[in-house]
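Down below is the structure, laid out as structure tokens.
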Amino acid sequence: MRFDLPGGGSVQALKDVSISLAPGELMSVLGPSGCGKTTLLNIVAGFLAPTGGEIRINGHRVHGPGAERGMVFQKGALFEWMDVRENVGFGPRMAGQRQRDYRDKVDHLLDIVGLSDFKEKAIYELSGGMQQRVALARCLANEPDVILMDEPLGALDALTREKMQSLVLQLWKETGKTIILITHSVEEALLLGERLLVMAPRPGRIHREYRLPFADLGVGQDLREVKKHPEFNARREEILGMIWDMEEEIMGRPAASQGAAQ
Amino acid sequence: MIILLIYVAIFVASFFIVKFVAQKSITDYASLKTVTFGDESAVTPNRFASVISVATIFLLWGAFTGSSWVPGFLHAPAPFEGEARFTYTVAVPNGPIDDAEVLVLVHPIGETVEAPPIDPGEGFAKNDSATVGVWRSGLIRVDRNDQVGREEGATIVAVNGMDIAPGGSVETEYGRVGMSPKGTLNFEPAKGWQMEPIWLPPPEDVLRRIGEISSEGFRGATLWEHLGLSLFRVVLGFLFGAMVGIPLGYAMGLSNWFRGWFDPIVEFMRPVPPLALIPLVIIWAGIGEVGKIILLFLAALWIMAIAARAGVSGVNITKVHAAYSLGASKWQIMRHVIVPNSLPEIFTGARVAMGVCWGTVVAAELVAAEKGAGMMIMVASKFQNTDIVIMGIILIGVIGFGIDILMRRAENRLVPWKGRS
């Protein structure tokens, strides 16, 4: 994936990124800022066309956005002019379904995400965590094969975030969806990622891939218990160190070249 | 200047009075805030201040026009009315000096009065009488009935015992007595501080006019026809402008070709004030309804186009992405995402456009119209019917305010999410 810059140069945002996911896998993607995580997700979602390579899902090539790949955004992607129920029912409605056909499904999803009492509320009456739960339910109501999450919990406070992490795990197990989750938080990546992809910047590439047991452990369990797992801390330190090194490399480079010039 | 000082004095005095009299008895959340200076949310309009403000305007208006709504002791000094007297002294060269009295009846304007009869008195200078209207002045040829007149060389040398010369003047308790270069006396009764009705009629006159014109009409049409016609023009012009401008704005927000094509036109036409188009529109379409509606259409068109374009560019891209990944088609994105998302901007634009249209229609009617609010005040001003002019201004203001309130109501109902996401 290469972007041409207005000045005439170009930025290699992603290079030689090759992933394949089995149905039902949950992969979290981690990396320092600017490593192309969001670009990767946008290409998978079909919002960007890759300059090289291809995305395949269910045996066909991806050319644009589609209902088979649902997306949960960091924030601000709900429709304020609809109430909670209408937001969640948006996908089925666009597909031309009658309201009585999808109403039960919408109610059921709202019950699952814990918004039973807020079905008729306007979006702006909900807190940030509730809004993200609506976004999650809206995505699930459309029954996509793959769910793409672009830092879905990034804008939430730490407490809400932990609750939402449990919810994501629970939904993942219950629905058996394939999920790609982008995050800045090492802990979140470890807790939620059955597979964990660490990316490196300039150009964006896969640095290392892990297969982790924590997501399975965490299903239906207190996530704080999972964090006490002996391996958890070791992995966290390892990955943090890895990312720290990459950040230092980015930050340090101009300083090093300045030093050389003197 | 005096009025301004009084106004400032009332402003300051009522501030302190309200502050000390109406002590805060409520302890709601806002009243517990210790930092209010700089916290915009803690500033709410003081209702006492609003009431006093409006009352002050009417009080000053009434006081300086001698309104019957304002108790007499609050009136500004009225112009002198009634019988004024002064004496003048005539001197004949190398001859005697004689005094005579002048009685001036100062009467309200519009009344025709006879000069009061007067006893000529002793001496060669005879007593005179004259009439002068309030706020007016009049020449008084006091020497006409004198035995020795101006032709015989008699000159007036003093008024009320004070020396006077051609070009000079003497202040009396009833007003100013001046002398023209030729030696004629000129009496100007004290004007007081009140405004002449021709400049500013008292509020009750304006109210009476509203009643009169709404029942009898003005210039062959009732008041409601005049106002209704203006309103009708505004609504029609605005509707046409919105009907063309909103789709145009959407097209400009969604298509490169439309944006490229119409950008120069819209950007050029936007800063042209609609008032500047009045002459051209009159040349092209005449002074009839068509011309006015075209003018208002042009006034609303660019505002609505720009509002709709801003509404489209204000759509958060993640919302569009979300809708696409939920399987929406382009048309569904338009219908369910772009249009509702741009409604707040369009409403803001519509409020601005309605305001501009209302202003433009009045201006256009001032230039040329047979009926309408603007025409009403224009014609009235030509006949110096100041009360009708003021009535028209008040009604125009009330209607403009009413339009804005209706638009705001509609906005709150239709786009309740505005500014809350």
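Using the three backbone atoms N, Cα and C, a Cβ is placed for every residue, glycine included.
What TrEMBL says about a protein is an automatic prediction, not a curated fact.
Long-range contacts of the transmembrane segment (B:47-64) within the same chain: residues 3, 6-7, 10-11, 14-15, 18, 22, 70, 74-76, 193-195, 200, 202-203, each at least 6 residues beyond the stretch ends and with a Cβ under 8 Å from a Cβ of the stretch. Annotation source TrEMBL lists transmembrane segment at B:47-64 (among others).
The annotation domain 'ABC transmembrane type-1' is assigned in TrEMBL to B:227-407.
The transmembrane segment annotation in TrEMBL covers B:231-251 (among others).
Beyond the ends of the transmembrane segment (B:271-287), by six or more residues, the same chain brings 294-296, 298-299, 356, 360, 363-364, 367-370 to within a C-beta distance below 8 angstroms of the stretch. Here TrEMBL flags B:271-287 (among others) as transmembrane segment.
If you look up TrEMBL, you'll see B:294-312 (among others) marked as transmembrane segment.
Among the features that TrEMBL reports, transmembrane segment is placed at B:388-407 (among others).
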Positions on the same chain near the transmembrane segment (B:231-251), where near means CB under 8 A and six or more residues out: 258-259, 262, 266, 289, 292-312, 334, 338, 342, 346, 350, 353-354, 357-358, 361, 372, 399, 403
